[in-house]
Every structure is written in structure tokens, then in C-alpha cells.
Amino acid sequence: MSSKPDILTIDPLVPVMKERLEKSFTLHPYTSLENLKNIAPAIRGITTGGGSGVPSEIMDALPNLEVISVNGVGTDRINLDEARRRNIGVAITQNTLTDDVADMAVALMMAVMRSIVTNDAFVRAGKWPSATAPLGRSLTRKKVGIAGFGHIGQAIAKRVSAFGMEVAYFNSHARPESTCHFEPDLKALATWCDVLILAVSGGPRSANMIDRDTLDALGKDGFLVNIARGTVVDEAALLSALQEKRIAGAGLDVFQNEPNINPAFLSLPNTVLQAHQASATVETRTTMANLVVDNLIAYFTDKTLLTPVI
């Protein structure tokens, strides 16, 4: 019988993570609740992604679960109250993906405002010799509203300021260390800005916070960028606003029903779409994978976590 702790792996493992985990743990890929019954008492740890989390039925099925190591920074799909009640440690890959996610927010903003994807398609379709390429919008002197002003939101502010853009932010509380204007009313922020960038945490508190009223406040010349969670946006309201051109466009990295997104998005020329790729660089994903493993090793060595939430 192996002396290695048994770990349930909910998401597929990248090679560097799998190789390192196999040296210290016995791995059990999750397939179904039915199959989990056979190994449930042995499972002491879980690896998962921020998008997958740990469904309650899985947590409930594991009587000896001690630790969850998340490959990401989102915990909205983990019942943290239940984890606290059961004294289950939870760790995330804190401070590993801030720069790449902020870069993606700026890339989406530029792509949709400057019509980069539309112009790429225009050239590839051979239209350049006989037609006029569509115009984009300037970034300089535009106003950017950032909803959510944690590490990622502040990194976005630093980047867009370099373009000569004015920044204000909405957050649960003011950040006195920032020189940007704090706007406690989200609709007022949407009314003020030309670009609204979403960097809030997921979960019930932020669910559908971007609704029809907020989008109408953003207006026909406004752009929406979402690198937060798909649940933050009322997608029916967003699709309606895009189809009716009540907002100018949207750059979206996240959706409500990933990866099976609403097909209505696919035919909209005023959108730029990504497959939840904001942190998807070789460098960052390698750093994240190593931290997931390091947290598990630290826990099973001396019951500590390097980047704990709980």
C-alpha cells in the first residue's frame, strides 16, 4: 500500500504539474461521483481550477478531505464556509497571474476599440484593394472605469494610464493608496466612462451586476471588457445591447456557460472573444502549476500553506 497521500485531480493536469505531483502523491483523476465512491475515504487532497472549483457533492463525498489546492485565484465555486467548518485548507495561486490578466484586459480593449480583429478579417478576405477598411476608436484621452480594484484592477489602471486614459474605479471600499478616483456607484461609473473593464471576484454578490441599466448607462459609444467571471454579466442583456448597438462593442474572455457559450456571440462583429485565456501564457501557467504542487507539498510536510485562503 502506497504511503503517498491520495489526491483527487478535478481538472486535467499540465505535464509539469502531473510529473511533480506523481513524485509525492497518488493521483486519482475525477470521472464521476459513482466512481469516486470506491476511493472517497482515501482522498486527503484535491487539485482543481478556479473555473471548476469543488462542487458541493464532491466535497460532501470526501470524509477525510484536508486540503484543496486551486490552480487559479477564484474561489467562488468552492463552499468556503463548509471548508472552514470542516477545517479544510484552501490555497490559491496568488500573485502569479496579475500581469498576464491585466495585459489581456488591455489587449481586449485595444482589439475591440481599434477594430483589430475586424480589420484582420478584412485583409484576409481580400477586400483591401476594392473597399475601405472600418475605422476604430482612439484610446488617448478616453475614460476607463474599472469594476474591482484589487491587484488585477490596479495593474490594469497602471497600464491604461500609460495610454493617456483617465481612470476611476468601483470597489467594495476605497483604495487610499491609489490616486485614481473612487466611484462607489457602479451605474454612475458606467455613465462616466468610455470603457468599462470588469475585474471583480465571482460569486453571489457580483452575479449579474452588469445588467441592462448598467449597459444603457455605458451607452452607444461605450465598450465593455470582461476578464473577471462570466457570471458577473447578464448575458441576455449584453447580447441585446450588442445586437441593437446600444453599446459600441465588447471584449470578452469569460462567459456564463463555458465552454458552451451562447452561439449568438459568434456572429457579432462588434465583439472580440477569448476562451478564458487571460492567464494562459507558458510562463504564468508553469508558475501556477508549480505553486499548486508546492502548496500540497507544504501542507503534507508541516500542515502549512504558502498562499492560503483558509
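The chain as shown is numbered from 1 upward.
Placement of Cβ uses the backbone N, Cα and C atoms for every residue, glycine included.
Since the structure is predicted, the reported quantities are computational estimates derived from the model, not experimental observations.
Annotated in Swiss-Prot:
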type: ACT_SITE; residues: Arg229; note: active site
type: ACT_SITE; residues: Glu258; note: active site
type: ACT_SITE; residues: His276; note: active site, proton donor
type: BINDING; residues: His151, Ile152, Ile227, Ala228, Arg229; note: NADP(+) binding site
Among the active-site residues Arg229, Glu258, His276, report those whose Cα falls within 10 Å of that of His151 (NADP(+) binding site); none is a fine answer.
-> none
Greatest C-beta neighbour count within 10 angstroms, which of the binding-site residues Ile152, Ile227, Ala228 = Ile227
So which recorded positions are near Glu258 (active site), with CA atoms within 10 Å, out of Ile152, Ile227, Ala228, His276?
-> His276
Can you list, in sequence order, the residues of the same chain other than His151, Ile152, Ile227, Ala228, Arg229 whose CB lies within 8 Å of the CB centroid of the NADP(+) site?
-> Val101, Ala105, Gly148, Gly150, Gly153, Leu198, Ala199, Val200, Ser201, Ala278
Taking only the CA atoms, the spacing between Ala228 (NADP(+) binding site) and His276 (active site, proton donor), expressed in whole angstrom, is 10
Spatial separation of His276 (active site, proton donor) from Ile152 (NADP(+) binding site) - C-alpha basis, Å = 15
Cα-Cα, the residue listed as 'active site, proton donor' versus Ile227 (NADP(+) binding site), nearest Å, comes out at 8
How many neighbouring Cβ atoms, not counting its own, are there within 10 Å of the Cβ of Glu258 (active site)?
-> 13
Helix, strand or coil at Glu258 (active site) [DSSP, three-state] = coil
Distance in Å spanning the most remote Cα pair of His151, Ile152, Ile227, Ala228, Arg229, given for NADP(+) = 16
Show which residues of the chain containing Arg229 (active site), separated from it by at least 6 in sequence, have their CB under 8 Å from its CB.
-> Gly74, Asp76, Val200, Ser201, Gly202, Ser206, Val254
In the three-state DSSP scheme, the residue listed as 'active site, proton donor' belongs to coil
